[in-house]
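As written in TrEMBL, here are the features:
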type	residues	note
DOMAIN	124-190	domain 'G'
BINDING	N131, V132, G133, K134, S135, S136, G175	GTP binding site
Amino acid sequence: MSQVHWFPGHMAKAIRLIEEQIKVVDFVIECRDARAPMSTRNPVLSRSIGQKKRLIVLTKKDLADPKQSEKWVEKLESEGNVVLLVDVINDPVRKMIIEKTDIVLKEKRERDKRRGIRPRTARALIVGVPNVGKSSVINKISARKAAGVENRPGVTQSLKLIRVTQDLELVDTPGVLWPKFESEEMGIICAVIGSVKDTGYPMALVTDYARDYYIQYKPEELKRRYELESFDDFYDQVGRYRGLLGEGGTVNDDKTRVAFLSDIQNGRIGRITWDRL
């Protein structure tokens, strides 16, 4: 598949900001979507982070396949990361991240203690591609509206310093970090879950990919959601079930595809992971 590139000026600026901050922070908190832990990783961002200690926060666990999430946590931890799987709305995110921070910084604190270096406030850089829930994570752990939470990529506009506790503060990066897709499939997956808008992929391509994926891995959930007898004339059946009819009683294909995508993004069909292990 072809490689898809978006690298507008604001992303280049964001990467420069990250590279500057990397030098002065103790570790990095990287937010990814638990439904697509690989596709919502930015390779450019990973290179900028380099060898810094990393806490990977997999958000939206309530929408992801639990068995797949377990596998992803195991894989990412085996690569030397500390990993946290969260439902930002319902989990005690602040407490969980503070506990994981202690794990990330354990070696450094012990080393500093041996050297007689007095403890100081740890600083973490929090990063992530658009719409993975980074602003929501920040709001939960800072207990205030540090970043405007809005379901629109790129709403976090400037660098912010956020005090979490007397021992931890965060540097928030601009939220305009568009993924550099390593494959067409990764780009389509990001479009399916709503991580990026206006990807350039046709709606038909995105929804057909999602339909085929469900048929392969979660067919019963798809049948149950739309009361399907079979997968023949899929969009016609879905459109009629949803009442998306035009003149003459024909199904409005465009509205049906939009509704199908909305159902996926809001977890109405069932929990699913798009990057499978």
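Keep in mind that glycine also has a Cβ here, set from the backbone N, Cα and C atoms.
Where the annotation comes from TrEMBL, it is an automatic prediction and has not been curated.
Other C-beta atoms found within 10 angstroms of the C-beta of N131 (GTP binding site) number 25, with every protein chain shown included. It is S136, among the binding-site residues V132, G133, K134, S135, S136, whose Cβ has the fewest other Cβ atoms within 10 Å in the structure shown. In the predicted structure, the domain 'G' (124-190) carries a mean pLDDT of 73.
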